[in-house]
Amino acid sequence: MGNWCSSARVGVGRNTGIGAPLKLYRPPPTGWVEHSASSAQPLSFAQSEPKTPAQIQIRLAGDKRKHYEGRVEVNYNGEWGTVCDDDFDISAAHVVCRELGYLGAVAWYPSAKYGKGEGHIWLDNVHCTGREASLADCLSNGFGVSDCRHTEDVGVVCTQKRIPGFHFISTSSNDVETLDVRVEDVRIRATFSQRKRIPITEGFVEVKDAGKWRQICDEWWSPMNSRIVCGMHGFPGEKGFNTRSYRLLSARRKKNYWGFSVNCTGNEAHLSTCRMGKHRLMGNSTCARGMPVVVSCVPGRLFAPSQSLGFRKAYRPEQPLVRLRGGGNLGEGRVEVLKGGVWGTVCDDNWDLRAATVVCRELGFGTAKEALTGARLGQGMGPVHMNEVECSGFEKSLTECYFNRDALGCSHEEDAAVRCNVPAMSLRSRLRLSGGRNPYEGRVEVLVERNGSMVWGTVCSENWGMIEAMVVCRQLGLGFASHAFQETWYWPGDVSADSVVMSGVRCSGTEMSLAQCLHHGKHLSCPKGGGRFAAGVSCSDGAPDLVLNAELVEHTTYLEDRPMYMLQCAHEENCLASSAAMADTSSYRRLLRFSSQIHNNGRADFRPKAGQHAWIWHECHRRHYHSMEVFTHYDLLSLNGTRVAEGHKASFCLEDTECDEGIPKRYACANFGQQGITVGCWDTYRHDIDCQWIDVTDVKPGDYIFQVVINPNYEVAESDYTNNIMRCQCRYDGYRIWTYNCHTGGSRSSDVNEFPGIMTNQLQRR
């Protein structure tokens with residue numbers, strides 16, 4: 001969507017009169033007021049209440065454009081308008097782009113390059129220094145004071161790179177096309193016999209109008225209308241129902257009809273965007289020949305109705321052609337499609353709500369709430385399979401839509417994403433966080449049945465970890481977990497909820513609720529008890545995502561024979577095979593060496609779990625601190641998965657080695673500095689660094705699998721753990737080694753088992 005709100009001080013511009021010199025408008029500081037338009041006196045301090053800052057929004061509009069360019073439009077007083085190109089310059093363009101979450105501007109264009117806008121021309125003669133937080137803070141004539149036409153609408157081109165951690169605010173409209181009607185809310189009201197079903201898929205459609213729920217007459221109702229109602233409630237489609245039973249039921253009920261009819265095309269995201277007409281008759285006689293509207297929806301495969309309070313199945317999606325990645329909540333993520341056995345992303349050129357809805361329905365959700373551009377939910381990897389996607393809205397799969405196969409010029413900074421409507425599953429009502437400083441943290445408390453009544457209690461923290469915390473945050477709609485706590489004495493919760501009601505929790509990470517995870521059930525076992533040892537979490541709306549550069553590993557792999565006397569520090573840090581303990585100092589160890597480059601493609605910086613006070617000092621390798629004792633695992637596996645050799649790498653220096661253009665480095669290890677990897681940066685471990693190897697001295701010649709796992713113990717939360725694994729096929733003949741088909745986890749539908757022949761690598765000796 002790309003729009004967000006910004007505070008700006010606004011006022012009424014001066015009337016300069018005919019022939020008067022133009023005066024620029026600067027918003028007055030808080031506590032100052034302007035004199036009347038006829039006054040020529042300077043501003044003076046007034047003993048009055050400071051003005052309330054106005055809320056403005058900025059967006060880029062126009063046809064045939066990318067998401068980071070377009071006509072500048074401003075929403076002021078609830079109306080969208082444009083900006084005149086008079087006196088506009090690159091400094092003003094920088095302000096616009098940063099307000100939209102980009103690092104800056106590349107260029108600006110006058111004379112309605114992106115087409116003429118409509119409505120007001122809100123700003124004219126804009127002068128910015130480039131340091132303003134909002135376009136409204138720049139000098140101008142004042143809002144609505146302009147002598148321009150829409151042929152002078154200004155446009156900008158922003159950098160493709162986003163500001164790391166930038167928060168966007170959605171500004172979806174609730175207007176209708178034909179009448180000034182605002183739909184407050186829409187619900188499916190189930191019959192009494194179906195109200196215990198979760199989710200509710202069938203019932204009377206009711207609209208909230210002036211605070212009261214009203215029915216809709218079915219005389220002008222169509223299947224397309226039902227399709228929209230189902231979609232906005234999280235269901236991919238509608239189906240038939242027993243009309244006779246509902247007619248008999250409605251005859252016994254008091255009716256209060258809404259005074260409007262609805263006409264949807266089937267492509268709307270919400271009932272409020274359908275065309276509406278007004279009934280000629282008023283009161284209950286409005287629907288003399290009909291009955292209240294009823295819909296029956298088809299739930300997606302993840303949301304089969306259940307009579308029980310809990311869930312029997314874990315969330316295990318089966319997505320053969322399209323999948324979502326990088327989203328913290330159910331039904332959101334970066335869109336990826338499968339082509340030729342390889343997963344790739346979708347370029348956001350022309351990406352709209354219609355295409356996003358096709359994705360959502362294909363995956364078993366409802367209509368799309370948002371069609372996100374600019375890698376707002378993180379960058380993918382591999383190829384960009386689709387560009388300039390155009391859908392009618394009725395396709396069964398995104399792969400059936402028209403698209404441009406040529407994705408030249410599209411980078412992963414333009415990866416498209418979606419947020420879908422999902423059914424109301426009442427998940428949040430059975431879980432809460434207690435005692436935290438804000439709604440995103442606290443002790444985990446669950447609602448369970450005990451002795452015929454529902455009671456709140458805590459979760460045993462024994463073996464409680466990041467994966468379980470991720471499920472809690474997802475269930476509460478709070479995004480990702482940033483920390484998992486096994487002690488919560490500093491979060492005083494409700495004393496009546498101190499008792500442990502759930503223990504032995506083990507989650508796979510794909511569950512929709514904590515109840516779906518494995519646990520002890522009613523047979524609790526928690527030696528430490530609850531209270532101060534209850535499980536806790538801290539949630540965040542963004543998370544890092546570490547991805548290893550598989551191509552670099554493949555190109556830098558080689559063998560080296562190194563004498564034991566040069567490996568004493570590495571031996572102390574357990575970087576050699578166990579047989580090294582019996583080796584003579586003059587003997588050699590054979591090492592499989594390679595370089596690794598670890599990128600952070602997520603939406604938050606990667607920081608070690610432990611603070612600086614807990615880092616471990618090592619005297620050996622040039623005296624340094626380990627912020628994570630095990631940052632990566634290196635393994636050589638047999639073809640059946642048995643480990644034949646292993647290594648590990650501590651994060652002795654977790655820092656920003658290099659960054660994408662325009663992103664400053666934040667983390668450097670020198671002088672006991674902060675350790676981490678910034679979004680858009682990467683940490684490189686060169687092949688010649690100690691412990692950057694696997695000791696293969698005892699390995700026999702043969703075919704193997706070379707595997708690297710980042711963050712193997714899930715110590716730090718990430719938006720996607722599947723891409724933390726990299727695997728290569730490997731052939732060793734006793735003297736040389738070849739690695740090929742290196743790829744990260746989740747990038748392919750299946751592994752390729754072809755040996756391409758000799759590629760590289762002679763044995764090195766030192």
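Note that Cβ sites are derived from N, Cα and C of the backbone, with glycine treated the same way.
What TrEMBL says about a protein is an automatic prediction, not a curated fact.
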CYS158: disulphide-linked cysteine among CYS97, CYS128, CYS217, CYS230 [source: TrEMBL]: CYS97
Among CYS517, CYS526, cysteine joined to CYS507 by disulfide in TrEMBL: CYS517
Recorded disulfide counterpart of CYS84 (TrEMBL; options CYS128, CYS138, CYS148): CYS148
Partner cysteine of CYS138 (disulphide bond, per TrEMBL) from CYS128, CYS217: CYS128
Recorded disulfide partner - CYS401, candidates CYS391, CYS420, source TrEMBL: CYS391
Residue, out of the disulfide-bonded residues CYS84, CYS148, CYS158, whose Cβ gathers the largest set of other Cβ atoms within 10 Å: CYS158
Residue from CYS97, CYS148, CYS158, CYS517 whose C-alpha is spatially nearest that of CYS128 (disulfide bond), among the disulfide-bonded residues: CYS97
Range from 188-298, 322-421, 431-540 with the greatest count of C-beta pairs under 8 A to the domain 'SRCR' (58-159): 322-421
Nearest of the disulfide-bonded residues (CYS148, CYS391, CYS401, CYS517) to CYS264 (disulfide bond), judged by Cα-Cα distance: CYS391
Other CB atoms, at most 10 A from the CB of CYS138 (disulfide bond): 25
Helix, strand and coil totals (DSSP H, G, I; E, B; other) for the domain 'SRCR' (58-159): 16 helix, 35 strand, 51 coil
DSSP-assigned states of the domain 'SRCR' (322-421) in counts, ordered helix, strand, coil: 16 helix, 38 strand, 46 coil
Residue from CYS138, CYS274, CYS401 whose C-alpha is spatially nearest that of CYS158 (disulfide bond), among the disulfide-bonded residues: CYS138
Cβ-based isolation winner (fewest other Cβ atoms within 10 Å) among the disulfide-bonded residues CYS97, CYS274: CYS274
